[in-house]
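Taken from TrEMBL as is:
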TRANSMEM  6-27  transmembrane segment
TRANSMEM  47-67  transmembrane segment
TRANSMEM  79-101  transmembrane segment
TRANSMEM  122-149  transmembrane segment
TRANSMEM  187-206  transmembrane segment
TRANSMEM  234-252  transmembrane segment
TRANSMEM  273-298  transmembrane segment
TRANSMEM  333-356  transmembrane segment
TRANSMEM  376-396  transmembrane segment
TRANSMEM  402-427  transmembrane segment
TRANSMEM  434-455  transmembrane segment
TRANSMEM  508-529  transmembrane segment
Amino acid sequence: MAFTVADYTVFVLLLVFSSAIGLFYALSGGRQRTVQEFLLANRSMSFLPVALSLLATFQSAVAILGVPAEIYRFGTEYWFLGCCYFLGLLIPAHVFIPVFYRLHLTSTYEYLELRFNKAVRVCGTVTFIFQMCWLPGPHPFLMAGVFFAVTQFDLWGAVLTMGLVCTLYTTLGGLKAVIWTDVFQTLVMFAGQLAVIVVGTIKVGSMGRVWQLAADQGKISGIDLNPDPFERHTFWTLAIGGVFMMLSLYGVNQAQVQRYLSSRTEREAVLSCYAVFPCQQVVLCLSCLTGLVMFAYYQEHPLTAAQSQASSDQLVLYFVMDVLKDLPGLPGLFVACLFSGSLSTISSAFNSLATVTMEDLIHPYFPGLRESRATLLSKLLALSYGLLCLGMAYLSSMMGPMLQAAISIFGMVGGPLLGLFCLGMFFPCANPTGAIAGLAAGLAMAFWIGIGSLVSNLRAAPSALPLSNITDFPQASSLNTAIATTLLTSTPAPKRLSGLQKFYNLSYMWYSAHNSTTVILVGLLVSLLTGTCRGGATINPRTIYPVLPRLLCCLPQKYRERLSCGVVCSAEVSVPHAPEKTSNGMLNGPIVGLARAEEAEGEGFARTEGTHTYILQETSL
């Protein structure tokens, strides 16, 4: 496996264009002089680039290699994951986005303070930072291993190149540069995967021949309706469990919500969520077809001795070099495709970490910070997280098998955070004590199952433990819970498990559902034991989405009011833009917590902030 001059050229162009986009937005427009421009692109983005950026954020190189490896080993069962995309994107579009956008937030965790209190906000922020800090570190190390495998280029030179390029355009160009770079990198990912499928299909004969070879060997899966949650992949596991995994990524994750909030209007934000749906289906289709073409190719071109010893995801790389080796530039395009996936994931992590650190941990305690200094500090935070990524990459190189646990932390924490937001948004009876207790219980459950499953798998298959060299990728369960589109490629668990071993064998697709449900149940129980809620009059009604009253709309009015805990919700009121400050200062800043005030004289609106309620006439808005 070797790169030609054309391959190097394609790869270098990827890095140059990515850096150029960052420099362009650093020197044009407002030149990233305000916090809003740097962190939210001045809320000026249209839906299409936001949609492609949403797609690229968690479509990492691990997924580009992992999905074909899954199809190659286990067949097309995983393809049914596409069934979960509908609800997994429809719910964010009509539940989470309207609530977050109308509150005029910058950080998702501002919502937690508006709904509960500052302590819950800080707990959520710290949990998110802990989650995301583990995500970018291993990616440069893993992708540098890929680059070393095909070029023999210095490993740490590749790590530094990826880390510095990503840090450069994120720090200089802000969120707008990150989004447009994601657009460019998404197109590269599509081109790289499409090139492999087309050339591989031609070498096999036709797509019909590919399908026939796969069907003959039992790789075309039917619908498995087994409801057992301990089965790794079934229709229910993928279609229902996958919804919760999608919600943890596209519903409440700061990296994605920040892109929604950068849209120029709420409608554009909702459209971006709709536009992701066909894009996700295309990505899933390309990845699954790559796996089928690879399987068919090696049915007609037997594996070499070295290839037969490779792991499944390594075999994807062998396959790419086998089918593209006679076409200069195309191997470089696929490696650029892998790097594009990692760059988009890493840059999103940098930007979201800088945002929550600035908005949730610094700005509330230094409210008088000047705009210029706040912007500079935001850029320094992005730079600091970029340098931290390089440090984490070095740490990853020494972690050996523990690298699996490091990557899996991302997936473990996503479910409890989803549960925390659902607890606040859907259950008005929840109080701050219940929210903190629920989050703690959800995290404990997540780490218990996640680490227990990982240790159990390692004990069951000791030969799969080591990362034998820098080109190996962590096996199985960790990668799949880490990213929505990453698959478990480990050996299926042995049968007849019992006790904790059975519990640890829970399908990774149910992790988010199980952990978020734990947060909700514990949070509600503690809230009921410590006082039903803070009182309907003190809950900001714009932070509540009345899901239970709407689902149980046939109940008498008094029962629906009890379900709402006295909170008057008015979903039809929309304030897409913050009003200008009036002479008495009442409307200073973005309006949050608007609800129709039926108790006021005439038609008006009530705004609740702390213990004060303002009655505003409709005409004054």
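Heads up, residue numbers simply count up from 1 along the chain you see.
Just so it is clear, glycine is given a Cβ too, placed from its N, Cα and C backbone atoms.
Owing to the predicted nature of the structure, the values given are computational and were not obtained by experimental measurement.
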Among 47-67, 79-101, 234-252, 273-298, 333-356, stretch most in contact with the transmembrane segment (187-206) (C-beta, under 8 angstroms): 273-298
Cβ contacts under 8 Å made by the transmembrane segment (434-455) with residues that lie 6+ beyond its boundaries: 112, 116, 119-120, 123-124, 127, 404-405, 408-409, 411-413, 415-417, 419-420, 423-424, 477-478, 481, 500, 503-506, 508, 511, 514-516, 518-528, 530
The transmembrane segment (273-298) and the transmembrane segment (6-27) contact flag, 3+ Cβ pairs under 8 angstroms: no
Cβ contacts the transmembrane segment (508-529)/the transmembrane segment (333-356), at least three under 8 Å, sequence gap 6 or more: no
Top partner of the transmembrane segment (376-396) among 6-27, 234-252, 333-356 - counted as Cβ pairs under 8 Å: 333-356
Beyond the flanks of the transmembrane segment (6-27) by at least 6 residues, Cβ under 8 Å: 151, 161, 165-166, 168-174, 176-177, 180-181, 184-185, 188, 328-333, 335-336, 339-340, 343
